[in-house]
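**Student:** Before I ask anything, let me first share the structure, which is written out below as structure tokens.
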Amino acid sequence: MAKFRVRVSTGEACGAGTWDKVSVSIVGTHGESPLVPLDHLGKEFSAGAEEDFEVTLPQDVGTVLMLRIHKAPPEAPLPLLSFPPDAWYCRWFELEWLPGAALRFPCYQWLEGAGELVLREGAAKVSWQDHHRTLQDQRQKELESRKDMYSWKTYIEGWPHCLDHETVKDLDLNIKYSAMKNAKFFFKAQSAFTELKFKGLLDRTGLWRSLREMKRMFNFHNTPAAEYVFAHWQEDAFFASQFLNGLNPVLIRRCRRLPENFPVTDEMVAPVLGPGTSLQAELEKGSLFLVDHGILSGVQTNVINGKPQFSAAPMTLLYQSPGSGPLLPIAIQLKQTPGPDNPIFLPSDDKWDWLLAKTWVRNAEFSIHEALTHLLHAHLIPEVFALATLRQLPHCHPLFKLLIPHTRYTLHINTLARELLIAPGKVVDKSTGLGIGGFSDLIKRNMEQLSYSVLCLPEDIRARDVGDLPGYYYRDDGMQIWSAIRSFVSEIVDIYYPSDASVRDDQELQAWVGEIFSEGFLSQESSGMPSLLDTQEALVQYVTMVIFTCSAKHAAVSASQFDSCVWMPNLPPSMQLPPPTSKGQASPEGFIATLPAVNATCDVIIALWLLSKEPGDRRPLGHYPDEHFTEEVPRRSIAAFQRKLIQISSGIRKRNQSLALPYTYLDPPLIENSVSI
């Protein structure tokens with residue numbers, strides 16, 4: 001006879017409790033016990049409850065290895081009646097055989113319908129640490145089950161592969177939005193559509209009548225940052241600052257030599273550079289910077305409301321003023337091939353010529369940001385990380401425990417995006433200048449150029465040579481967060497991987513990395529993405545990159561969308577007239593005629609409003625309410641990580657007090673753990 005106290009914790013979410021009957025068997029080194037019902041008077045397993053059950057086994061099972069949880073509908077009172085099984089969210093089981101001697105079995109999963117679930121004791125273990133055959137078999141069966149549940153598909157040829165489900169209705173509860181988050185998301189969407197339809201804007205296919213009329217749209221849920229954009233969008237210094245701290249802060253690079261297809265001369269830029277210097281001198285000093293949107297050259301464009309749309313592939317040269325002066329644009333060329341029909345626009349040109357040129361650059365920023373920086377780098381690639389984690393790492397694996405909070409809701413939001421945003425005829429196709437055809441072109445082109453170093457912030461900053469560019473808060477805050485994540489990851493890796501050989505010998509880890517390489521990066525060796533990891537250092541770098549991409553990188557390029565775009569002339573999603581081929585032709589009327597139609601503007605701004613702010617049920621970076629790690633040592637590392645994030649946040653908020661436009665997108669409490677919106 002063996003006696004145990006079993007404590008069960010049910011989640012607090014809406015619908016987490018169950019009327020179903022739950023039984024447990026205990027698996028040990030000497031065998032497995034019969035199923036024992038967890039039952040007492042009254043209802044068990046209510047939402048938020050922790051309940052104790054006394055369990056007596058007929059025989060000793062030896063050292064406890066795992067629990068087998070069985071759930072089934074209650075018996076019907078009449079033979080012809082039956083109860084449909086309902087879902088149950090279990091947080092954990094705890095098994096105590098002596099006072100103070102207890103084992104915790106983390107679950108943090110929904111159990112849908114009738115069936116069973118196996119829970120391991122909470123200590124994290126890599127595969128080579130499991131010596132008992134029962135535990136080895138359990139790891140293998142768990143992964144086989146998850147591979148059946150979560151499979152890959154090709155959505156568009158040349159894109160990273162994705163989850164093979166058509167709609168969010170097909171998803172199981174473990175990867176689906178909570179009921180609260182889902183309700184808030186769709187209420188927010190419906191209220192936005194209703195407001196703009198009431199204003200008579202949502203169905204108008206014509207041009208805006210004036211910038212003044214656009215102000216009606218601007219009042220749509222604007223923010224302090226959006227107010228600043230509205231007040232300063234025409235200013236050169238603000239235009240330049242958006243390359244540093246706007247929604248796409250990843251393109252600007254130092255220019256040591258002018259591209260041959262960008263023939264800027266000393267005479268062109270002398271009014272900005274001033275006397276006593278030259279282009280060559282400033283190139284050598286390192287005070288010139290380049291933003292090149294050349295990947296847009298020749299990209300497929302869209303037709304909106306029956307009208308063809310247009311795109312440019314601009315190059316922008318910027319000058320960092322000496323001392324504490326601002327970064328300023330000094331030359332813009334709208335196409336990649338120089339010639340008489342491709343003038344270089346300058347700040348000294350007519351006001352409307354220069355403003356129109358800058359607006360073409362901002363349209364290019366929209367296209368590259370939405371297709372590449374946001375969709376590809378901050379959604380499709382994190383989906384690969386999430387899906388490979390579910391398929392290749394069992395729950396007891398330390399990397400699963402570390403990474404699973406950073407995959408929360410990613411598969412839901414990406415499936416929803418394929419339903420409502422990037423599917424043919426949906427928002428991207430209806431209302432952006434490139435449409436899904438142009439987005440697809442860009443993603444395929446970028447996949448051929450994408451490198452591992454671009455995903456690793458320190459290497460990316462070095463490659464672009466922007467480590468000392470003043471006022472680059474994305475870099476400053478991002479590097480602090482990267483360092484904090486890396487320190488945390490390094491501590492976790494040191495706990496479970498004592499040597500380089502232990503990394504090489506972890507076959508589950510190698511399968512995880514290999515699947516990311518093949519399914520996400522399409523086995524392109526030119527990307528520099530590892531297909532295996534053979535050192536502790538390589539593992540730390542790789543996992544840091546995964547967590548940073550899924551949290552901070554996504555926050556930086558997602559949360560800023562609405563602020564940048566609600567005043568549409570600052571970030572037009574499409575352009576209805578071709579880029580100018582000469583100077584002196586621009587006018588206020590021509591400027592308005594170039595901007596997107598009213599309905600296209602509304603569609604995009606609603607989408608960006610939804611995608612910029614989390615609709616409740618948030619989990620900020622470093623917030624881990626699901627306690628997958630049960631050992632004291634990794635829990636101390638988590639606490640240290642959380643303290644570091646608080647320190648970083650304090651510094652950011654202190655700095656922001658002195659800024660006219662605070663940079664808040666990488667303030668840790670505002671960063672979500674995962675790509676969930």
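Using N, Cα and C of the backbone, Cβ positions are placed for all residues, glycine too.
Swiss-Prot feature annotations, pasted as is:
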BINDING   G15, G17, D86, A87  Ca(2+) 1 binding site
BINDING   D39, H40, G42, E44  Ca(2+) 2 binding site
BINDING   H374, H379, H554, I677  Fe cation binding site
DOMAIN    2-125  domain 'PLAT'
DOMAIN    126-677  domain 'Lipoxygenase'
**Student:** Does DSSP give H40 (Ca(2+) 2 binding site) helix, strand or coil?
**Tutor:** coil
**Student:** In the structure shown, with every protein chain counted, which of the binding-site residues A87, I677 has the densest set of Cβ atoms within 10 angstroms of its Cβ?
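**Tutor:** Its Cβ has the most other Cβ atoms within 10 Å: I677.
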**Student:** For the C-alpha pair, I'd like the distance in angstrom between H374 (Fe cation binding site) and G15 (Ca(2+) 1 binding site), rounded off.
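**Tutor:** Here the two Cα atoms are 33 Å apart.
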**Student:** Check the domain 'PLAT' (2-125) for me and report the mean pLDDT.
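**Tutor:** Per the prediction, mean pLDDT sits at 90 for the domain 'PLAT' (2-125).
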**Student:** Which Cβ among the binding-site residues (G15, G17, G42) has the fewest C-beta neighbours inside 10 Å?
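**Tutor:** Counting other Cβ atoms within 10 Å of each of the binding-site residues G15, G17, G42 gives the minimum at G42.
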**Student:** Between D39 (Ca(2+) 2 binding site) and A87 (Ca(2+) 1 binding site), what is the CA-CA distance rounded to a whole number of Å?
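**Tutor:** For D39 (Ca(2+) 2 binding site) versus A87 (Ca(2+) 1 binding site), the Cα atoms are 18 Å apart.
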**Student:** Nearest to D86 (Ca(2+) 1 binding site) by Cα, among H40, G42, E44, H379, I677 (binding-site residues)?
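**Tutor:** So, spelling it out, the nearest of the binding-site residues is E44.
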**Student:** Between the Cα atoms of H379 (Fe cation binding site) and A87 (Ca(2+) 1 binding site), find the distance and write it as a whole number of Å.
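**Tutor:** Each residue's Cα considered, H379 (Fe cation binding site) and A87 (Ca(2+) 1 binding site) end up 29 Å apart.
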**Student:** Which secondary structure state does DSSP assign to D86 (Ca(2+) 1 binding site), in the simple three-class scheme?
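**Tutor:** Reduced to three states, the DSSP call for D86 (Ca(2+) 1 binding site) is coil.
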**Student:** Of the binding-site residues H40, H554, I677, which one has its Cα closest to the Cα of A87 (Ca(2+) 1 binding site)?
**Tutor:** H40
**Student:** Which residues, in sequence order, are found in the same chain with Cβ within 8 Å of the centroid defined by the Cβ atoms of D39, H40, G42, E44 at the Ca(2+) 2 site, excluding those residues themselves?
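**Tutor:** Neighbours within 8 Å of the Cβ centroid, excluding D39, H40, G42, E44: L38, L41, K43, E51, F53.
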**Student:** Would you mind ranking the binding-site residues H40, H374, H379, H554 by how many other Cβ atoms sit within 10 Å of each Cβ and giving me the lowest?
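**Tutor:** Comparing Cβ neighbour counts within 10 Å for the binding-site residues H40, H374, H379, H554 gives H40.
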